[in-house]
Amino acid sequence: MIMNKIQLMGGVRIDAIDILKFLAALLITNSHMNGLYPPKFEALATGGALGDSCFFFCSGFLLIQSRGGDFFNWYKRRVNRIFPTLFAIAIVSIVAFGKNPAFKSVILSENAWFVQAILVFYAAFWFVKRFLSDKMWGVITAVGIISLIWFAFFWDKSVSVFMVGTYLRWPLFFCVMLIGAITAKNYRQGIQHKLMISFLFFILLMGLFYGYQILEKKKMMLCNYEIVIAPILFLAVYELFWICSNERVVSFYRKKGIYAVVFFISSLCFEIYLSQHYLFPIGKSLIRLFPLNIIICFVLIVGVAYIVKVLGNFISQTFKSDNYEWKKMVKIP
């Protein structure tokens with residue numbers, strides 16, 4: 001049996017989390033590529049809700065196992081990993097792409113909702129981890145009830161819950177983060193779900209999730225109940241984790257060439273999110289090469305993301321009293 005070996009407290013790496021972060025990077029990027037697809041194929045630029053959910057699931061899975069401590073020091077460690085990268089993307093946007101954004105736009109613009117959510121979630125997660133670690137399902141239930149009340153009485157039903165710029169999805173994604181944490185707490189090496197059953201169940205769940213969204217475009221009354229598909233998405237991500245944990249999937253992932261590519265991209269998930277919008281114009285200009293333009297654009301995004309990662313490491317090390325560790329600076333992760 002291949003051992004699922006993302007760092008745990010015991011120093012063991014969970015391959016399923018690497019694979020899930022890789023899928024998150026692909027799905028999130030693809031969902032923003034609608035301008036890179038010809039009009040008749042634009043529906044393929046999807047997967048954002050699933051990709052975001054995968055990312056937050058992985059975050060919760062790892063955070064629950066992170067070192068404890070008081071709130072300010074714990075939060076500082078999280079922020080110290082984010083802000084050097086934000087400074088790096090601001091520098092790259094100016095030097096490489098001729099943009100001149102105010103730094104606050106890197107955090108406060110609509111495209112930066114992901115960063116905003118992470119900063120809020122980190123703070124909320126500490127309190128749950130510290131005081132409600134054994135009552136996470138209760139927290140999820142409470143957040144779910146609040147979200148349901150918000151949707152039922154205060155939400156504009158003509159706007160999708162999962163649309164960019166909406167805030168109702170924030171508590172929903174926080175629930176996904178907590179589900180990731182619960183999964184990590186109960187995770188044991190060697191536990192397997194049957195691959196075919198998990199795969200078919202995942203396909204069924206995603207069919208329900210996207211099928212409902214397709215139907216509500218034809219029958220507007222369904223928009224009044226859209227929030228019911230959120231638990232379906234949560235369950236799909238959970239099932240996808242077990243698919244990625246299966247020894248046959250892990251065995252395929254551990255093949256030398258595949259491992260190098262998947263691990264590299266998964267380690268740049270956050271940087272890929274920050275970098276992608278600067279490269280989309282290139283992909284759009286090459287639309288006549290479709291679908292090759294999608295691949296070219298994604299490769300360029302990954303390349304820029306790596307530069308952002310290295311520059312972020314340089315900035316981070318610059319503000320420390322230790323000597324520069326050049327090898328560590330360019331190493332992934």
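Placed from the backbone N, Cα and C atoms, the Cβ positions cover glycine too.
Pulled from TrEMBL:
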type	residues	note
DOMAIN	15-308	domain 'Acyltransferase 3'
TRANSMEM	12-31	transmembrane segment
TRANSMEM	43-62	transmembrane segment
TRANSMEM	82-99	transmembrane segment
TRANSMEM	111-129	transmembrane segment
TRANSMEM	136-155	transmembrane segment
TRANSMEM	167-184	transmembrane segment
TRANSMEM	196-215	transmembrane segment
TRANSMEM	227-245	transmembrane segment
TRANSMEM	257-274	transmembrane segment
TRANSMEM	286-308	transmembrane segment
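The transmembrane segment (196-215) makes no contact with the transmembrane segment (167-184): fewer than 3 of their CB pairs lie within 8 A, with pairs spaced 6 or more apart in sequence. Panel annotation: around the transmembrane segment (43-62), residues 6-7, 14, 17, 20-21, 23-34, 36-37, 114, 118, 121, 125, 162, 164, 169, 173-174, 176-184, 187, 206, 209-210, 233-234, 236-238, 240-241, 269 of the same chain, lying at least six beyond its termini, place a Cβ under 8 Å from a Cβ of the stretch.
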